[in-house]
Structure formats: C-alpha cells, structure tokens
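Student: Attaching a single structure in structure tokens format; questions to follow.
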Amino acid sequence: MPVTVTRTTVTTTMSSSSGLGSPAIVGSPRALTQPLGLLRLLQLLCTCVAFSLVASVGAWTGIMGNWSMFTWCFCFSVTLIILVVELCGLQSRFPLSWRNFPITYACYAALFCLSASIIYPTTFVQFLSHGRSRDHAIAATAFSCIACVAYATEVAWTRARPGEITGYMATVPGLLKVLETFVACIIFAFISSPSLYQHQPALEWCVAVYSICFILAAVAILLNLGDCTNMLPISFPSFLSGLALLSVLLYATAIVLWPLYQFSEKHGGQPRRSGDASCGARHTYYVCAWDCRLAVAILTAVNLLAYLADLVYSARLVFVRV
C-alpha cells in the first residue's frame, strides 16, 4: 500500500493538482487552461526555444556545452510526456507514482535549468565573439532562466501544505532528497579526476561518504516513485530517520577531512590557488584542480546543511497508509 505523508495536524485531503485549490481536470483539453497546465506549457516553450536557438548555430562545445544541451532537451521531453499523460488522463496507467513523480521531476528540472543557466554563459557564452552565435547563446540563456523559474514555481505550487495528506516527495524532506542527490552528482563531476583524492586515505573516505549518502537518498526517492516503501525490512519512517542521521554523521566527517587534507600544507594540501600550476591560464570549458577542490568543499557544506534540515523536518512528519 502506498505511503503518504502529512504534517503533524491532519485536517483534510486536497484534490487540487495545481496546488492553487482548483479542482483537477483529468483527461480533458481544459487541463491545459488551468494555472499548472499553462505553467507547464511555458516550461515546454522555454526549453524548446533554448535548445533550438543553440542547435541552430551549433553554439555548444565540450562537456559543459553538452550538459546544457542535454538539460534543455531532457526537460522538454519529460515535460511533454507529463502534459500528454494529464491531457489524456493516463495517470493511473503511468508506471510511476503520479502522486510523487511530477513534483520530483519539477524539482530536478529546476536544478538542472539553474545549473545550465550558470554553466553555459560562464563557460561558453563569454568566450564567443560578437555575432549571430553569441546572440543566440544569450537568448538561450535567458529562456533557460525563465524555465528555471517556471519549474521552481511548479514546486512551490504543488509542495505539501500543513494539514495536507500528500506524497512524500511533495514534503520538505522529499524535496531535500532531490537537492541532496543533485548536489552529490555535481560533487562527483568535480572529483571525476582520481588524482584529487587517491593520494590520501582520508580523501578516499570522503568520496565513499558522498557515494554512500547518494545511494541511500536515491533509494529513498526510487522507493517513493515506485510505491515500494512497504518492501523495506523496517518501517519507512525508521528508514528515513536512520538515513538522515547517518548522512549527517558521515558528512560531518567529510566537512572536516576534505578541506583539511586539500588546503592544509601540513597534510599535503595546497592553501593558495596561485600555487596550483593548472590554474595559471584561463581555459574555456575547463575547471582547474584547485577550483575543483574548493567547489567540493563548498558543496559538502551545502549537503551537510541539507541533511541537517532533512533530519529536523522528518521529525515533523506523520505517516499514514491509504
């Protein structure tokens, strides 16, 4: 049986799909004229225009450019699928929990578009010469920013409210799980070079921490999307509480060890950026080793705060079976 989550005071079950209090219209073209439907049309338009502008002039190169292009194409495709499902009333036939999937995707899409809106102009657009390609790239960045705001607005509209019975992914801890896994993926991108950590067992431990916590958070998300929370050998609330507590403890060690062994000369680190030869030149599509180390340290702190908030908010949830 699916598990839904509410705040401590359970009052009523909301039937609104938009989070604005309007009744859901299932399997009707009128679904597109509702606030949430119009918002998703805006998301579809912005992501389509973004990748079309870039593709029309071939204005993407390297890993960062490929990531931005993937983001816009992926968000366009999944948003189109969601619109078709709601337009045709196929929610009950969708293989994933419709109570959890749309808001989970919207949160990921907001983070994806945010990353593309930052990465694409800083690693590509600023190096383009003035002309048609640069104009298209700037316009694509603008539409990416609008898409990010649109997806974030959907999350704000459809997230759980006090007293509302809803899916776990619509609650603050559920949305934090999305943030935690996304930040972990960015960390993995920055530590893709083994030379950043293989010379010290303490740094290898940090990489293990990032991996373990990512896997556990991803499992929690997948269990909710698949309505499989009852397959665990322990109760799902206990699993979530243990996950959050374990992650906080593990990240607490990483937040100490990673900066200590990366930036302390006493432990073989490099305290100054100027001392890193790889940071001496300005490269397009390239992040030097010292900047990667600093980025991982910052993101470790971000995820530690996210797991702390997750632990606190999880204590305020009441689980009910429907």
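Positions of Cβ are set from backbone N, Cα and C atoms, glycine also.
Any TrEMBL annotation is an automated prediction that lacks curation.
Positions annotated as compositional bias 'Low complexity' by TrEMBL: 1-18. For 1-21, the entry in TrEMBL reads region 'Disordered'. What TrEMBL lists as domain 'MARVEL' is 31-163, 168-319. Positions annotated as transmembrane segment by TrEMBL: 38-63, 69-90, 102-125, 137-157, 178-196, 202-226, 238-261, 294-313.
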Student: So if I exclude everything within five residues of the ends of the transmembrane segment (137-157), which remaining residues of that chain have a CB under 8 angstroms from its CBs? That is, six or more out.
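Tutor: Residues 18-20, 35-36, 39-40, 42-43, 46-47, 49-51, 53-54, 57, 59, 68, 71-72, 75, 102-103, 106-107, 109-110, 113-114, 116-117, 120-121, 124-125, 128, 175 contact the transmembrane segment (137-157) from elsewhere in the chain.
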Student: Using DSSP, how many residues in the domain 'MARVEL' (31-163) fall into helix, strand and coil?
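Tutor: Split into helix, strand and coil, the domain 'MARVEL' (31-163) gives 109 helix, 0 strand, 24 coil.
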Student: Are the transmembrane segment (178-196) and the transmembrane segment (294-313) close enough to be called in contact, which here means at least 3 C-beta pairs under 8 A that are separated by 6 or more residues?
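Tutor: In contact, yes.
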Student: Residues sitting near the transmembrane segment (294-313): Cβ under 8 Å, six or more positions beyond its termini, same chain?
Tutor: 171-173, 176-177, 179-180, 183-184, 186-187, 190-191, 196, 206, 210, 213, 241, 244-245, 247-248, 251-252, 254-255, 258-259, 262-263, 273, 287
Student: How does the model score the domain 'MARVEL' (168-319) in terms of mean pLDDT?
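Tutor: The average pLDDT of the model in the domain 'MARVEL' (168-319) works out to 86.
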